[in-house]
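Here's what TrEMBL has on this protein:
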- Glu243: active site, proton donor (ACT_SITE)
- Asp376: active site (ACT_SITE)
- Glu485: active site, proton donor (ACT_SITE)
- Glu510: active site (ACT_SITE)
- Thr596: Ca(2+) binding site (BINDING)
- Cys439-Cys471: disulfide bond (DISULFID)
- 61-87: region 'Disordered' (REGION)
- 28-49: transmembrane segment (TRANSMEM)
Amino acid sequence: MPVATLLPFTATPSRKSASPTSFRLTEKFILLLVFSAFITLCFGAIFFLPDSISGVLFRSPPVETNTRTGPESSDSGSAGTEERNLDKIRRDHEKALLEAKDTLQKAPGVIKAEILTVKSQLANDRLLQGGNNLPVISYHRPPGATGHEPVDLETRTRRAKVKQMMKHAWDGYRRYAWGSNELRPVSKQGHSSNLFGSIKGATIVDALDTLFIMEMYDEFDAATEWVEKNLDFNVNAEISVFEVNIRFVGGLLSAYYLSGKEVFRRKAVELGEKLLPAFKTPTGIPWALLNLKSGIGRNWPWASGGSSILAEYGTLHLEFMHLSILSGKPEFAQKVMNIRKVLNRLDKPQGLYPNYLNPNSGQWGQHHVSVGGLGDSFYEYLLKAWLMSDKTDEEGKKLYYDALQAIETNLMRKSSSGLTYIAEWKGGLLEHKMGHLTCFAGGMIALGADGAPSDKTGHQMELAAEIARTCHESYARTALKLGPEAFRFDGGVEAIATRQNEKYFILRPEVIETYMYMWRFTHDPKYREWGWEAVQALEQHCRVEGGYSGVRDVYASSPNHDDVQQSFYLAETLKYLYLLFSDDDHLPFEHWVFNTEAHPLPVISKDKTDRPNEVE
């Protein structure tokens, strides 16, 4: 706008304006107004720019204001303060303009780099303050995260051997498949399963706590760095809710509780929140499969008319209770407690839980019951929910012992030679088959025996020991001394696989898991001997140059490798072997509960209920 048009509005009629001096003062004032308008435009433009850019362009501190009260805040003092504030504003404007001029003279690449630096700093500041709106938590490492060297020389030597096996498995993965989900140790390349969609690093996350427990801190630090820089859940892919929960969420939670590193808590909560849309069903029973980007879920098409699977929707409780504590969000706990409400409304045939439940109707699918695949960890989590609650979850306790009684009555049988096994139930008819997965039940029953009525404690320990013996026999009766995927008690055979598709061994942990629990509760040396037999068989038949591989037929005279080193081999099998040859004060049961992927989670002490964000 021309200056002339401003003169009538800026000249003061009562003042003399004809003298040259007077005109120069007015001209200066007009120029100051124009300059102020330019500054205002600059600030207006910056106001609409993104915060990260404005942070780069303007770093001047906020205007100081006088906040004093009392006699010193007199009128004359206020006038002086106002003048100082106006002077401060002028200096800030001048500084801002100089910074803006300096910034705009830089190359675009330099400006972009500065913006990214400021954004990175802001992200780090948020992380240091708890990040992701997470509550501040007083972290205390529970007792027994690492253990002492066993006094007995033989036990110490065997324990060291298991650690060496872990190093061989880890080194092979790191050398040939770093960042992939799993390793192909024969062909020496990465392997990915569709269970994880396009999430990467399953072996890294699954192995974190094993590395820490075995005091392999250099390897743990390398894994931690990968998680910080590369673990990404922003993927447009469908994942198994169950597998991602027990391996990724469980692994991250355990790594947090063992190390105290905030990145693990942040990542666990982030992933947990991405799993919540799976619960958007009419009943709240979650879908088995979920697209992490769209939040759209579905069930396995083969699962009894689109039903959800007992072991999958029933194996979320431990992790989600801890997610509620670490995030300060009760929604996680509410989701898993609702599953119980749905189950409590249903009639159970013979007191048993069928493996299939329709998430839309809330009714059972096929009446197929198994303590192995499709059912197993549901029962495990009922017991462990009670133990993890510091034995305050009375509902979980009752559900477990009622279910165990139904299993003993309807599914447990003895072979002609006296081997106790757990059969499968299909519409009222028994299939006399026991899976390798079912062998975890020996350890589960031993873990829960102390909480049973006093007249049943001894009986349950006997059941646990009998199941452990049966599962050991399934190993001993093979050529490779490794157990088959399933074994039968019919047609004149006992504890032997009769079908070709049941003769494989994929480095599973369940038999060794039961040995570890039985050793802790009885200190019977045979369990350590049986575990050592497994170590020798793994070394002889599964160890290859690149790591460890499963085998296709445990009855063959020489191994035919399947060329997959499962992530659970590092998470479970080697961890349980290491603990089998460790003292009882290493991850003691009074302070830790293992999820179904062998990730230790702390007992939530009942005296911490008024401070839910502190776990000791």
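Just so you know, glycine gets a Cβ as well, placed from its N, Cα and C.
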Sparsest-packed of the listed recorded positions (Glu485, Glu510, Thr596) - C-beta count within 10 angstroms: Glu485
Cys439 (disulfide bond): nearby recorded positions from Glu243, Glu510, Thr596, Cα cut-off 10 Å: Glu510
Rounded to the nearest Å - Cα separation of Glu243 (active site, proton donor) and Glu510 (active site): 16
Packing count at Glu243 (active site, proton donor) (other Cβ atoms within 10 Å of its Cβ): 19
Asp376 (active site) and Cys471 (disulfide bond), Cα-Cα, nearest whole angstrom: 15
10 Å Cα neighbourhood of Glu485 (active site, proton donor): matching recorded positions from Asp376, Glu510, Thr596: none
Integer Cα-Cα distance in angstrom, Thr596 (Ca(2+) binding site) to Asp376 (active site): 9
Set of same-chain residues at least 6 away whose C-beta sits under 8 angstroms from Asp376 (active site): Ala311, Ser370, Leu437, Thr438, Phe440, Ala441, Thr596
